[in-house]
Each structure stands twice: as structure tokens, then as C-alpha cells.
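Asks: So that we are looking at the same thing, I have put the structure below in C-alpha cells.
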Amino acid sequence: MTPFLFMLVVLGFSVGAGLLGSLLGIGGGLILIPVLTLLLKVDIQYAVGASIVSVIATSSGAAAAYVRDRMANTRVAMFLELATTAGALSGAYMSGLVGGRGVYLVFGGVMAWSALVMLRRMRASAEAPVPADALADRLALHGSYWDESQGREVSYRVTRPLTGLGLMYVAGTVSGMLGIGSGALKVPAMDLAMRLPLKVSTATSNFMIGVTAAASAGVYFARGNIDPFIAGPVCVGVTLGAWLGSRHLMARVNSTWLRALFVGVLLWVALEMLRKGWAS
Amino acid sequence: MSEAPTPEPRSPEAAAAVVQDGEDASLLHPEQLISDLLRYGVAASLALVTLGTVVTFFRHPDYLVSSEALLRLTSPHPVPHTLGDVVAGALAARGQAFVMAGLLVMMAVPVMRVALSLLIFRQQKDRLYVGITATVLAMLVLSFLLGAAH
């Protein structure tokens with residue numbers, strides 16, 4: 001394979017990762033790292049650096065459309081970023097103290113569990129009423145968005161902001177420890193605890209993961225993990241994919257279908273993490 | 001894709017946005033501002049990465065045909081990892097330095113987004129969210145400093 005062909009292959013996979021990431025609110029790192037290391041034989045240190053770039057590119061590429069369309073709730077995002085950045089800071093410290101193995105096992109378990117809870121919510125026929133919350137009112141977190149697939153403006157109320165904050169701290173810690181965007185933890189936290197509609201949860205997660213990843217990107221750059229030859233095509237491909245997904249797909253997809261896709265990817269990520277924890 | 005307000009008739013696509021845009025051009029629409037920052041930031045990053053890639057292939061025509069070069073490129077080797085490296089490389093018209101500059105722009109976009117949110121909340125006199133956003137920005141800066149110290 002020539003370097004030129006290599007770049008085209010990386011570009012192609014990156015478009016796919018950006019497309020999927022923009023719909024599901026995840027960074028796509030968990031898709032790209034195996035492709036780069038196993039299929040293309042890239043050294044793991046550059047694969048991880050490319051993954052961080054992919055998280056930021058997915059986030060910024062998709063959020064431009066999501067913020068303008070008010071699909072992403074910027075107030076919820078800003079409030080929760082308090083916890084994700086604090087978590088990312090402490091996670092970076094804890095990574096020295098706690099072994100990677102335990103982290104993988106615990107979070108593989110947490111993800112598998114949240115996948116099953118999210119699956120159960122898919123069957124729930126009537127939406128239970130969202131309990132009122134004084135803090136959510138004070139923070140003015142409630143919102144609405146236009147759902148093309150339903151052909152109407154959907155308004156929603158947010159609840160349990162403090163539970164969300166706690167869960168985001170955990171998600172931020174995982175990001176700091178494992179160097180991932182951890183959108184796979186953020187989406188269930190917003191969907192299950194705070195009761196945001198799934199599309200709003202994934203779009204808001206998308207908006208947030210860029211900030212979480214940017215917090216650790218400086219370290220990766222300083223360590224020399226970001227190789228322009230590999231991260232360059234990833235950056236371009238992921239941005240194109242995220243742009244396509246956020247502008248042309250998100251509004252049209254059906255929420256039930258999106259939930260099924262998310263649960264599937266979540267289960268796969270959970271198994272991958274459990275496997276890693278088991279093997280290490 | 002609605003940039004500066006233009007007097008020309010708009011496409012049917014943009015017609016829906018007219019109501020919002022037309023409200024008051026001088027009043028800042030926070031969502032539009034943040035969206036624009038993200039879009040222009042991403043566009044600048046992609047332009048640099050693409051330019052750098054083209055320059056790289058121009059300077060290394062063997063990358064189009066040789067498969068040995070790839071082995072060198074994907075195994076551990078020194079890469080630019082300080083701002084000085086990147087600037088020096090760009091001055092020497094090294095393609096990879098431009099790509100790296102594009103990647104750095106991409107990394108800076110989320111941080112600039114938080115800074116812009118802070119300005120917007122301040123203009124709206126939303127003190128609660130000014131506090132929240134300032135704290136997030138402070139922690140981001142702290143993480144960069146800690147990262148640099150590592």
C-alpha cells in the first residue's frame with residue numbers, strides 16, 4: 001500500500017466514523033482505533049492521538065448544525081461541562097493511581113447496564129410524565145426542537161440536573177483516565193436521568209465531547225502522539241461525515257431506529273471494554 | 001448557510017430562517033454566533049490540512065507509488081510536538097507542518113466556543129451562566145497548563 005492509498009482508506013473510514021458519531025453523540029474513537037491499529041498497522045500511540053482529533057472534529061463539525069437548529073441544548077451543555085471538565089482534570093490524576101483494568105471492567109459493566117435500560121425504554125409505550133424540578137427551572141434548562149421525522153416542534157422539560165451533574169463527573173473522569181470522549185456514557189445520563197429526548201441527548205453530547213477532548217488534546221500534542229500524516233486525513237474525513245450526518249440525516253431519522261442503533265453500538269463498546277479489562 | 005444579510009431574494013431553503021434573521025439584525029443570536037464560530041473554525045482547519053496534504057505530495061512524489069514510505073510513516077518516529085516545531089516547519093514550507101497547524105486550529109475551536117459563550121452570557125447579563133461558563137473556562141485553561149507542565 002502506498003502512502004496515498006493509505007490516506008484514502010483512512011479518509012473513507014473516517015467519513016463513516018464521523019457519520020455514526022454525529023448521530024449517536026459519540027466521538028468515533030472506538031471505531032477508528034481498531035481500524036487504524038489492527039487493519040492498517042498504525043502504532044497505537046498515533047492511533048490514540050488521531051482518536052482525540054476525531055472526537056473534536058466530530059463535535060465541532062456536527063455541533064455547527066445542531067446548535068443552529070437548537071437540537072443541542074447549549075444551556076444543559078454548559079451546566080454539565082462544569083462536571084465533565086472537573087472530572088477530566090481529576091481523571092488525569094487518578095489514571096496514575098488506579099489500574100486501567102478495573103476501570104475497563106467497571107465501565108464496561110456500567111455501559112452494558114445502561115444499554116439494557118435504554119432498550120427497555122424503547123418498549124415503554126406511553127412516556128411517563130417528567131417530574132418537576134426547581135433547580136432545572138432556575139437554570140432554565142427546558143427547551144424545544146424541530147423534529148423533521150415527526151413534522152412538528154417537540155418541547156421537553158428537563159429534570160434531575162444534580163444527578164446528571166454527578167453522572168457527568170463520572171463520565172469526565174473516564175475521559176481523563178482512558179482518553180476517550182465518553183459520549184457513550186453522556187448520552188444515557190441525559191436520556192435516562194435528565195429525561196432529555198434522545199435526539200437532544202445525542203446532539204448535546206456531541207456538542208460537549210469537543211470540550212472534554214480539548215482538555216486532554218494538549219497533553220497528547222506535547223507527547224508527540226498526534227502525527228499529521230495519520231490525524232490529517234482523520235480530521236478531514238470525520239468532519240465531512242459529521243457534517244453530512246448532522247445536516248442531512250439527524251432531523252429525518254426516526255427516534256426508535258436511532259435508539260436501537262445506539263443500544264447496539266453501546267453493547268458493542270461495553271463488550272470491547274470488558275474484553276480489554278479481561279485481557280490486560 | 002446564511003451569512004451576512006443580503007438584499008437578494010433567498011432560496012426556498014433559507015426562507016424558513018428569514019423570520020428569525022429578520023427579527024433584529026443588530027441583536028446577537030447566540031445560537032447563530034456559536035454555530036458560525038464552529039463553522040469558520042472547522043473550515044480554517046480543513047483548509048490548512050488540505051493545503052498541507054497537497055504540499056506534502058508535491059514534495060514527496062514517491063508517496064504516490066512507493067509502499068516502503070508507508071512503513072516509515074506509520075511506525076514510531078519524531079513528529080512536531082511544540083508550537084516552535086510547527087512554526088519552523090511552516091516557514092520551511094513543510095507540508096506536514098501546515099497539516100499540524102490545521103489540527104491545532106481544530107483543537108482550539110472548542111475552547112474558543114466556551115470563551116464566546118462567556119461573552120454572550122455576559123452581554124445577556126445572565127450572571128448565573130457567566131459564573132458557570134467562567135468556571136468551565138478556568139478549568140480548561142488549568143488542564144492546558146497542567147498538560148504543558150507534564
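Using N, Cα and C of the backbone, Cβ positions are placed for all residues, glycine too.
From TrEMBL, here are the annotated features:
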type	residues	note
TRANSMEM	A:7-40	transmembrane segment
TRANSMEM	A:46-67	transmembrane segment
TRANSMEM	A:79-96	transmembrane segment
TRANSMEM	A:102-119	transmembrane segment
TRANSMEM	A:162-185	transmembrane segment
TRANSMEM	A:205-222	transmembrane segment
TRANSMEM	A:229-245	transmembrane segment
TRANSMEM	A:257-274	transmembrane segment
Asks: Counting CB pairs under 8 Å, which listed stretch among A:46-67, A:79-96, A:102-119, A:205-222, A:257-274 touches the transmembrane segment (A:229-245) the most?
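Replies: Result: A:46-67.
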Asks: Under a Cβ pair cut-off of under 8 Å, which of the recorded stretches A:46-67, A:102-119, A:205-222 contacts the transmembrane segment (A:79-96) most often?
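Replies: Between the stretches A:46-67, A:102-119, A:205-222, A:205-222 has the largest tally.
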Asks: To the transmembrane segment (A:102-119), which of A:7-40, A:46-67, A:257-274 is linked by the most Cβ pairs under 8 Å?
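Replies: Highest pair count goes to A:257-274.
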